[in-house]
C-alpha cells in the first residue's frame with residue numbers, strides 16, 4: 001500500500017500511515033499486521049541514540065501507562081502484510097530500524113518475520129517492548145529494549161524477563177517520582193542482567209534531582225534524556 005510521504009518542519013522525512021481502520025486486505029502469502037505509522041527520525045534514546053532511524057509503530061497495547069506519549073497507537077491501525085511493511089521501511093534510507101508500539105510483541109509471529117526480512121535486507125533491528133510478553137524465542141540478532149514499568153506508570157512488567165536479555169540488549173526505567181527511583185534501584189540490584197541499563201526521566205521532570213539520586217546511590221545505570229523531544233522531532 002502506498003505511503004503518504006511528507007516533509008516535517010524539523011527537516012526529517014516522514015512516511016506516515018495514519019492511525020485508524022483501513023480497508024486494505026493482506027496478501028494471502030504474508031501475515032497481516034496492524035500498523036500505526038512508519039516514519040524516519042533521530043533515535044531519541046537507548047543504545048543507538050542520535051542515529052537516523054526508521055520507526056515502525058505497531059498498533060495495539062495491553063497496558064495503559066499514565067505517561068504514555070503515543071495513546072493513539074493503543075488501538076486502530078492500518079492492515080498491512082509483512083511484505084508491505086518491509087517495502088515501506090526500505091523506502092527510507094537509515095540503517096537502523098526500531099519496531100515500537102503500542103506493544104509490538106502482541107503481534108510476535110509477524111514481528112519476528114518482519115525483523116528477519118529487514119535483517120536480510122541489511123538493516124539493524126531493535127524492538128521496544130513493555131516486558132509483559134516473553135521474547136526469548138525471537139531471532140538472536142534482534143536488539144531488545146525492555147521498558148520496566150515503575151509505580152507511577154500504573155502498570156507492571158515481568159521483571160523475571162530481565163534474565164533473558166543479552167549484552168546487545170537494553171533495559172529502560174522511566175522515572176518521575178522518588179518511588180520510581182527506589183523501585184528501579186531495587187530491581188537493578190535484585191535482578192542482574194547482561195543488558196545495558198538506562199534510567200530515563202519523564203519529560204519535564206526535575207532532571208537534576210534524578211541525576212543526584214543516581215550519583216548518590218552509585219547505580220550501575222546510564223541516565224538518558226529523550227533527545228528527540230528536546231529538539232522537536234517525533
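The backbone N, Cα and C atoms fix where each Cβ goes, glycine too.
When 57, 116 are compared with the substrate site residues 42, 43, 44, 100, 234 in Swiss-Prot, the one appearing in that site is 57. Record note: among 1-28, 141-168, 1-28 is the stretch given as region 'Disordered' by Swiss-Prot. Minimal Cβ crowding within 10 Å, among the binding-site residues 43, 70, 100, is found at 70. Nearest by CA distance to residue 42 (substrate binding site), out of the binding-site residues 61, 65, 68, 70, 102, is 70. Considering only the binding-site residues 43, 61, 100, 102, residue 70 (Mg(2+) binding site) has 102 as its nearest partner by CA-CA distance.
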